[in-house]
Amino acid sequence: MSENRNGILIIQTGGTIDKRYPRTHLGYAFEIEGPAVQRIISRAKVPYSVEFVTACRKDSQYINQEERQRILESCKQSIHKKILITHGTDTMTETGAFLTEHHLDKTVVLTGAFLPEAFKDSDADFNVGFAIGALQVLDKHGVFIVMNGQINESNKITRNEENFFLLINNSLY
């Protein structure tokens, strides 16, 4: 297989970014829909080829090792050297650590959102756009978490409920 240097593989796992809250007869309940990132990419008019894959559609609290293995296999099997994974924030660091252990010869960026893409004040568009930009400028392989305007190696941060991530080291950029 030939290597696609300009294209991006985007893997959906679910999480808040993909949530919708349809009205039910008892109020509202969330559903995880198709990749919100597809809507974001179409609005942003990204100039590279983009391939979309769904590994799972779950709240990240419920992602297990089987799904992480599916994410890993999608990364390994892809011809793309640049991969964006949309993921729920609750276990993003765990998935990042799992992928880091496997030493992929690719640049992998995980991002997500605190509010669903469907919400007016969501951070989804900014985070996805920044993550795509990060894929274009990162000059080394590895697994990175890109959120809130920061690029961090996935093994150098931990989650913090108040401000999403507590940085162990300063962000790379």
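Yeah, the Cβs are placed from backbone N, Cα and C, and that goes for glycine too.
Going by TrEMBL, these are the annotated features:
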DOMAIN    8-161  domain 'L-asparaginase N-terminal'
ACT_SITE  T16  active site, O-isoaspartyl threonine intermediate
BINDING   S60, T89, D90  substrate binding site
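Annotated substrate site S60, T89, D90; additional same-chain residues within 8 Å of its Cβ mean position, judged by their own Cβ, are G15, T16, D59, Q61, H87, G88, T91, M92, G112. The binding-site residues T89, D90 differ in how many other CB atoms lie within 10 Å of their CB, and the one with the most is T89.
On the 0 to 100 pLDDT scale, the model's mean across the domain 'L-asparaginase N-terminal' (8-161) is 90. Binding-site extent for substrate: residues S60, T89, D90, maximum pairwise Cα distance 7 Å (rounded to the nearest whole number).
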